[in-house]
Structure formats: structure tokens, C-alpha cells
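Working notes for the structure below.
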Amino acid sequence: MKRKVILNDAAFEMDVYAPLVAKKCEPGQFIIARVGEDGERIPLTIGDYDPEKGTVTIVVQAVGFSTKQMLKLEEGDCFTDFVGPLGVPTKLNPEHKHVIGVAGGIGSAPVYPQLKKLAEMGCNVDVIIGGREKQYVLWAEKFEKFCDHVYIATDNGEVGTKGFVTDVLQKLIDDGEKFDEVIAIGPVIMMKNVVRVTKPYNIPTSVSLNPIMVDGTGMCGCCRVTVDGKIKFACVDGPDFDGLTVDFDELMARQRMFKEEEHHVNENADRICNLMRGVE
């Protein structure tokens with residue numbers, strides 16, 4: 001790990017030296033990282049990459065045991081595994097003239113390379129970044145380098161519009177803005193609500209799904225999602241899908257499957273077996 005930056009009280013950013021991964025990365029792809037031989041395999045969408053420096057940038061929210069272990073890594077430390085790039089690269093349409101990204105929380109990271117690539121292709125790009133308060137609004141300065149407009153929404157109105165990203169998107173549509181596509185990445189409920197806004201106008205809407213995932217090659221079946229009534233695997237068919245056809249309710253239910261186990265692991269993370277105390 002080459003660099004670590006604490007972004008707020010929940011998220012951190014890392015530059016990881018992984019030259020073989022960096023030279024193959026494309027927007028929309030992800031990696032699977034593991035800390036420790038017994039560590040959980042964590043899928044993380046790639047936020048940025050530099051083939052010349054050999055680095056891959058990831059943004060992580062430290063909410064579970066494994067991501068909290070990741071947060072403990074310092075510059076110079078190594079991941080046990082850092083596998084990728086995985087998934088299907090985002091299909092960016094060169095004919096699109098105006099695309100807007102909608103990012104919630106750490107969703108700013110995976111939205112970033114997609115909009116950046118579109119801008120390089122000559123497309124006019126805007127972005128709406130949302131967070132509960134100012135500290136959760138991520139990468140606004142990075143987006144300003146190539147986006148025509150950077151809109152911000154916070155729940156408490158500390159910065160930008162008071163409200164949600166969907167409020168900003170709806171107002172832009174009501175004001176007559178025309179979008180060839182909306183790229184929405186963030187919490188599942190946010191992506192679901194973005195689709196509620198865009199669907200009546202039949203605006204193509206891409207979402208990035210990050211369900212429970214184990215192997216990243218489609219063998220375990222944990223990452224299955226229902227898209228247009230058909231079963232898809234986020235790791236090999238995605239992670240990007242047509243948001244207008246995603247079964248978000250099923251996805252949210254599946255994401256709650258291991259909440260109890262995660263809570264148990266977090267509660268017992270610092271406990272030491274009595275037998276181990278005897279050895280010490």
C-alpha cells in the first residue's frame with residue numbers, strides 16, 4: 001500500500017501498488033482484496049488507476065470487521081490478495097452528448113473513472129454528489145477538473161442543496177435538462193430512488209451493484225441478482241446493469257442475509273480465547 005488518506009469518520013482512500021492490475025484496468029471494473037490468510041474476500045470497485053505508476057486507487061468504508069482490518073494497514077504494508085481487474089468494463093456510448101453521474105457516499109469513486117473517460121471521449125458530463133453532511137461529500141475537487149457542473153446535496157444542507165441527490169436530479173429534469181444517460185452508484189436505496197426519477201422519462205440509467213460476493217468468478221452464486229426477470233451474476237455479468245430492470249427489493253433483502261453473523265464477529269473481534277491466554 002503506497003498511500004492512505006482518511007476521508008471522513010467512515011471512509012478511507014488507498015493507492016495500492018499493483019502494476020499488473022493497473023495496466024489492465026477499465027472503468028467499471030473491481031478488485032477483490034484480502035487482509036490476512038483467514039481474511040474475508042472484499043470486492044471493491046476501482047476508483048482510479050495509473051498504469052505508469054502501477055497504482056490502483058480504492059475507497060473503502062470501514063463498516064465491517066474485514067474493512068476495519070483493512071483500515072489498520074499502513075503505508076508499506078501488503079494485502080494478502082489483491083485480485084483483478086474483475087467484472088465487465090462499463091459500456092460507454094461514444095455517441096452520447098450529455099451524461100450525468102449520481103454518486104452517493106463512496107459511490108463517488110466508481111463514478112469517477114466512468115465520467116472521466118466519457119469526458120475524454122468528448123461527452124459533456126455533470127455529476128451530483130450526495131452525503132449526509134459535508135464530510136461525506138467525496139472527490140468534488142477531482143470531478144471539477146472535467147465536469148461542466150458539480151452539484152452537491154447534503155441531508156442537513158451544510159453544503160450544496162439541502163436534501164437528496166434525487167431532489168437535484170428531478171429539478172434538473174424539470175428545468176429542461178436532457179440527459180442521454182444517468183450513471184448512478186451508491187447505496188442500493190439511493191440507486192433505486194434514482195431509477196424512480198428517471199424511469200418515467202425513459203432515461204437510460206446505469207447502476208453498479210455490489211452484492212455479497214465470494215470468489216468473483218461466478219462459481220459461488222452469492223452475487224446473483226435479478227435483472228429484467230433473469231438471474232445474473234454481478235461478478236461476471238456486471239457489476240454495471242440497466243437500472244431500469246434491476247430488482248432492487250430482492251437485492252436489499254439479500255444484502256441483509258449475514259447481518260447477524262457480521263455483528264457477532266465485530267462484537268468478539270478483540271476477545272482472546274482463555275487457552276491462548278494460558279499460552280501467552
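Cβ from N, Cα, C; glycine included.
Going by TrEMBL, these are the annotated features:
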| type | residues | note |
| --- | --- | --- |
| BINDING | Val59, Val60, Gln61 | FAD binding site |
| BINDING | Cys220, Cys223, Cys235 | [2Fe-2S] cluster binding site |
| DOMAIN | 102-194 | domain 'Oxidoreductase FAD/NAD(P)-binding' |
The domain 'Oxidoreductase FAD/NAD(P)-binding' (102-194): DSSP-derived helix, strand, coil residue counts: 41 helix, 24 strand, 28 coil
If you count, for each of the binding-site residues Val59, Val60, Cys220, Cys223, Cys235, the other Cβ atoms lying within 10 Å of its Cβ, which residue has the minimum? Cys220
Rounded distance in angstrom between the Cα atoms of Val60 (FAD binding site) and Cys235 ([2Fe-2S] cluster binding site): 18
Long-range neighbours only, meaning 6 or more apart in sequence with Cβ under 8 Å: which ones does Gln61 (FAD binding site) have? Ala10, Ala11, Thr67, Gly105, Ile106
